[in-house]
Every structure is written in C-alpha cells, then in structure tokens.
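What TrEMBL annotates here:
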BINDING   Arg16, Val17, Ser18, Arg41, His45, Trp139, Arg140, Thr141  FMN binding site
COMPBIAS  1-17  compositional bias 'Polar residues'
DOMAIN    23-169  domain 'Nitroreductase'
REGION    1-29  region 'Disordered'
Amino acid sequence: MPDESTQTPLTHLQTRVSHPRLTEPGPSRDQLDELYRAAFRAPDHAWLRPWRFIEVGGDKRTQLGEWMAESVRAEQPDLDEKQITKLLNAPLRAPLVLIAWARITEHPKVPPIEQILATGAACTNLVNAAHAQGLGAIWRTGTAAYSPGLRARLGLDTDDVLVGFIYLGTPAGEDKPIPELDPADFVSRL
C-alpha cells in the first residue's frame, strides 16, 4: 500500500485498488463515521439522499451468510454445495461488511436509475475514503445482491435496490499492481 502521508487527494484516487483479502482490525467507529461523511457528499439530484447502509460485523456476518445461501438456494434449487459454501463464507472475508442499498422515492424529476447511480456514487466515495484512511475495501455484488429473498430478509421494500456489499478491514498482502490506463482509450470528443 502506498505511503498515505505523501499522497495528495488526486494521488489517492489514482492509486486506489480493491483488496479481496482483508483481516482485523476493521474500521473504528470514528473511521466509519468519516467514511459515511465522505459517502454522503455524492452527487444527488434533488437531495433525495437515497443511499442506505447496513453494518454487519462479528457473529452477524455468519447470519448474513446463512441468509444469502438460503435466499439464493430458494431461487436456484439446483445450486451445488460449492456455491452454497461460497455464499455462507462470503461475509467472513472481512471484519465488517456494509450492505449498500438505494431507497427509491417516487419523484417527478428523479427516476429510480438516478437514485441508484447516486447510491453507487456514495459507495465510490466511501471506498475511496477507506483508501485515504489506509483501510482496505472491496465492493462486490454476486447472486445474493440480486435476490428478492435476501432483500426481504433485510427489510428492504420491493422498490429498493441492493447495490452491493462493501467489505472493509486491514489489507492482507501486497496491493495488486494495476496498469495505468490511457484516457485516449476511453474518451472521445465531438
């Protein structure tokens, strides 16, 4: 991980990587509050503030894994044992899992897609803020993220959208080298 003391905000953004392996300690309460403050500065048409987060730590991660496996198995009965085990163990990858979701509000100028995008922007801010604090983070989805059964278990309304699971902790191992991308490969001009 790069030395945070010498990085500018722009360098933080340009050096962020996902950390699939995370260990204790997870973020402190103060660190989490800072992550949320960064998340809540995301672009948000009409100030609807659709983003919501559910914190899952400690033994509750096991419960979340059980809910994930049960929900997906109910929707996909032919799931094999390897896939079930993967779902059961998924929340145990990190000391803390944040379930990010969008509370969709009917609004004449802000369609649901914009509310989902605002929640995604909040997640991006949160993951970037984790990197700036020296924490490791990875944002994942998978079949459980799209499971109506899991959304119901979490108490989400049918219109709400689960946008992913953000795993937080201390990075284990070296950062994966990510090649620098050339803007010319992704940007066109009119």
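Cβ atoms here come from the backbone N, Cα and C positions, even for glycine.
Cβ packing within 10 Å was compared across the binding-site residues Ser18, Thr141, and the lowest neighbour count falls to Thr141.
Cβ contacts within 10 Å of Arg140 (FMN binding site), excluding its own Cβ and spanning all protein chains shown: 15. Counting only same-chain residues six or more apart in sequence, the Cβ atoms lying under 8 angstroms from the Cβ of Arg41 (FMN binding site) belong to Asn125. Taking every protein chain shown into account, Arg16, His45 are the binding-site residues, and of these the Cβ with the most other Cβ atoms within 10 Å belongs to Arg16.
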